[in-house]
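Input: a single structure, listed below in C-alpha cells.
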Amino acid sequence: MLDILHYDLLDFVTSYGVRIPSLRVTYQLFGKPLGTAPVVVVNHAFTGNSQVAGENGWWAEAIGAAKVINTDTYTVVAFNIPGNGFHAREEDMITNYQHWAAVDVARLFNIALKEHLGLNSVFALVGCSLGGGIAWEMAALAPDYFQQLVIVAADWKATDWIIGNCLLQEQILKNSTHPLHDARLHAMLCYRTPQSLKMKFERTTHLPTQLYNVESWLLHHGEKLNKRFSLSAYKLMNQLVKTIDISKDRGSFAEAVAPITAHITIVSTDSDLYFVPQENRDTVAELREMGKPVDYYEIHSIHGHDAFLIEHKQLEQFLKKIF
Ligand SMILES: N[C@@H](CCO)C(=O)O
C-alpha cells in the first residue's frame with residue numbers, strides 16, 4: 001500500500017485568472033524523515049507520478065538506498081501534478097485543462113513545499129521532461145529557495161517544434177475514436193529515434209498478425225497507456241508541456257533567470273528529438289555569458305528523449321557530482 005500524502009488548497013487562481021475553489025496536491029516522501037536531512041524534490045514527466053523510487057518507481061535506478069540520490073542521505077519529496085490521476089479521487093481530476101499553465105503547477109508545488117511542508121529551503125530540485133520545465137518555473141518563482149537546480153531532458157520553454165507536436169496531440173485527443181491510444185503512438189515516435197527503432201526491430205514482422213514488429217510495439221504502448229492513464233489527465237499534461245515558458249511576463253529568459261541563485265545542472269541527450277539538445281546548449285551558453293554557475297552534460301544514446309529512463313549508468317555519472 002503506497003503512502004500517498006496530500007495538501008488541500010482553497011481558492012487557487014490560475015494564471016488564466018480562473019478560480020479553483022478547492023484543489024488537492026498529493027505527494028510521496030522517500031528516505032530520511034522530513035526535517036532530519038537535506039531535501040531533494042523530484043518532478044515527474046508526462047505520464048509519470050510520485051512513485052519515483054521503490055518497486056515500480058519510474059526512477060528507481062537513480063533514487064533509493066545506495067543509489068545516486070541516496071535515500072539513506074536525503075529526504076525525497078515527489079509530487080503528483082494535480083489531475084494526473086495517480087491514486088486520485090474523481091473530484092481531483094482536472095477537466096478544464098485550458099485553464100492551466102506549467103507555471104500554475106510550479107506555484108502549487110512551491111506553496112506545498114513552503115506552507116504545507118514548512119521548508120525554509122530545499123537542497124535540490126530535479127525535474128525530468130515536463131517535470132524539468134516545471135522545475136525551471138519553480139526556480140523562477142522562488143529564485144533563492146533551491147540550492148541545486150537539476151534539469152533533465154527538458155527546457156525552460158516549449159519550442160515551436162514542441163508546440164506543433166502538442167497541437168497534433170490535441171487534435172488526436174479531440175478527433176480520434178481511441179484518443180489516448182492513438183495519441184500515444186505519435187508520442188512514442190517523439191520519445192524515440194529512427195536509429196533506436198531500427199536497432200530494436202530491423203523491419204521484422206510478427207508472423208501471426210503480419211504486422212511489422214514496430215507496429216505491434218507502438219500499438220502495445222497505445223493499449224498500455226489506455227489502461228493506466230485517463231483522457232483528462234493526458235489533455236492536461238499536453239497543455240502543460242505547451243505552456244512551459246519562464247520568460248513569459250518577465251521580458252526575457254535572461255531577466256527570468258537573473259535572480260536564480262541555484263547552481264544549475266542541465267542534462268540533455270544528444271539524440272533527443274523532442275527537447276532537442278541544441279536548445280540546451282544555447283541556454284548553457286547564455287547562462288555562462290551571464291556568469292551563472294552551470295554544468296552541462298549530454299547523455300550519448302540512440303534512444304532519444306526517453307534516454308533519461310534508459311541510460312542509468314551515464315545519468316549516475318552526472319548526478320553523482322551533485323549528490
Ligand atoms: N516516456 C515519458 C516521456 C515523456 O517525458 C512519459 O511517458 O512520461
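Glycine too: its Cβ is placed from the backbone N, Cα and C atoms.
Features reported for this protein in TrEMBL:
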ACT_SITE  S129  active site, nucleophile
ACT_SITE  D272  active site
ACT_SITE  H305  active site
DOMAIN    38-160  domain 'AB hydrolase-1'
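Of the recorded residues, H305 (active site) and D272 (active site) place their C-alpha atoms 4 Å from one another. Across the structure, D272 (active site) and the residue listed as 'active site, nucleophile' are spaced 11 Å apart at their Cα atoms.
Residue counts for the domain 'AB hydrolase-1' (38-160) by DSSP state, with H, G and I taken as helix and E and B as strand, are 34 helix, 29 strand, 60 coil.
Sequence-distant neighbours of S129 (active site, nucleophile) (same chain, six or more apart, CB under 8 Å from its CB) are A45, F46, V152, A153, A154, Y274, F275, H305, F308, listed in sequence order. The number of other CB atoms found within 10 A of the CB of H305 (active site), across every protein chain shown, is 26. Secondary structure at D272 (active site), as computed by DSSP, is coil.
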